[in-house]
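Student: Handing you a structure now.
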Amino acid sequence: MSKAAQAIAALRAGRAVTVGTLTVAAVETATDDLLAMLDPEGSAPILLSGERASAIGLGNQREAANSHAPVVIARRDWLDARAVRALVDPAQDFGRFSAGPLASEAPGDLEAARGALVLARLAGLMPALWVLPAQAALAVESSEATKAASRSHVSIVSRAQLPVNGLEVPTQIVVMRAEEDGSEHVALLVGAPGGRPPLVRLHSECLTGDVFGSLKCDCGPQLRAAMQLMEQEGAGILLYLRQEGRGIGLANKIRAYALQDRGLDTVEANLRLGFGDDERDFGLAAAMLRALGVSEVRLMTNNPAKLEGLAQAGIVATRVPHHLPTNPHNAHYLATKKAKSGHLD
Ligand SMILES: Nc1nc2c(ncn2[C@@H]2O[C@H](COP(=O)(O)OP(=O)(O)OP(=O)(O)O)[C@@H](O)[C@H]2O)c(=O)[nH]1
Ligand SMILES: [Zn+2]
C-alpha cells in the first residue's frame, strides 16, 4: 500500500500524519483526546483550502490570483477546538454571524499544505486540518500526497463473468486498483468490441442516483441508458469511477445537498464547502482504458472535461451526446451545469 493510501486511511481514522514538513490531523475526525496529547497548549493553527477561506470571508486578505491557495489561520482565545469545528462546518454558516476576527497567512510549506488537503479530500473529509507541533507520525512526501489526486498507475486486480439484468450479451466485470491512492474502480465489459472504437461511458459514482433512484441528478437514468445502448450495439465499456460527488466523497456530497436545501446551487455548494466545482480525475479513466488495451473510444457524455481529460492522457475520444429527459427536481441542477460548468447541448 502506498504511503499516500496509508495516510488517507489514517486521516479518516482520526490520526496524525506528516506531509512534507507539516504534521496534520483532520478537524473532522481528530478527537479531543488526540488533541490533548499532540497539542496540549491548544494552539495548533488550522489549515483551510483557499475556497473555504474565501467562503468564510477571508478572501479580502489575499490577492485574487491566490484564491485557490490554502491558508493557515492562527488560534485566538475565542477560537477553541469547538469554535474551530463550527468554523470549518458549512452547515453552521447560516446560523451565526460571521466569526472573527481571523487572520489568514500563507502556509510555511505550500506544497505540503496542498498535499495534505488532497489527502483529506480523498479521505472524504472536510478540507480543514489541524497543523500540529512536529512529531513522529506516518510520513508522506508532499509530491506523493499531491499525486494521489491524479492517478495514472492502475492494475487489474480481478475479473469475472457477470450476468446483468437487461444485458443479453456476455458481460464481464474487471476490478482495478490505483497505485497512487489505493482506490478501486470498475470496468464493465459489455459484449465483444467490433471493428470500430468502442462505445464508452465514464460514470462517476453516485450512490443516491445509482442505487436509490434520487431525482436530484440524472446519474441513474444515464447509467441505465448507457448500458442499454451498449446492449443495442452489441458492445461497450462502462467505467464506474469511484469518485462520488464529483470527487468530494459521499459525506461531503450530502453536505453539499444540505447547502442546496438552503438555496445554493450545485457549484456554490461545493465552493462553500471548500472544494472546487469539480475535483474529479479523468486521467484515471484513461489509465483504465489503457489497462484494457483501448486507445480510441466513442465517449457518451455532455461534459467537455471528460473529453479533455482523456485527450490529455493520450486517448482519442469522439463524443456521443448523452442527454436524458429532465424531471422537476433535477432541471435546475442540469441548467446550472450548462451555465456554469460548460456542459454541452
Ligand atoms: N458535489 C456534488 N456532486 C454531485 C451533485 N450531484 C451529482 N453529483 C455527482 O456528480 C457526478 C455525476 O457524474 P457524471 O454522471 O459522470 O456526469 P457529468 O459530469 O455530468 O457528465 P456527463 O453525464 O458525462 O455529461 C457523480 O459523481 C455524482 O455523485 C451535487 O450536487 N454536488
Ligand atoms: Zn447523481
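Glycine is treated like the rest: Cβ placed from N, Cα and C.
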Student: With ARG201, LEU202, HIS203, SER204, GLU205, GLU244, GLY245, ARG246, THR266, THR301, LYS306 listed by TrEMBL as binding GTP, identify the candidate in GLN222, GLN228, GLN232 belonging to that site.
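Tutor: So, going by the record in TrEMBL, that would be GLN222.
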Student: Helix, strand, coil residue numbers for the compositional bias 'Basic residues' (335-345) per DSSP?
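Tutor: Each residue of the compositional bias 'Basic residues' (335-345) counted once, the result is 7 helix, 0 strand, 4 coil.
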Student: Determine, to the nearest whole angstrom, how far the Cα atom of CYS217 (Zn(2+) binding site) is from the Cα atom of THR301 (GTP binding site).
Tutor: 15
Student: According to DSSP, which of helix, strand or coil covers CYS217 (Zn(2+) binding site)?
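Tutor: In three-state terms, CYS217 (Zn(2+) binding site) counts as coil.
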Student: Hey, does DSSP put ARG201 (GTP binding site) in a helix, a strand, or just coil?
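Tutor: Assignment for ARG201 (GTP binding site) reads strand.
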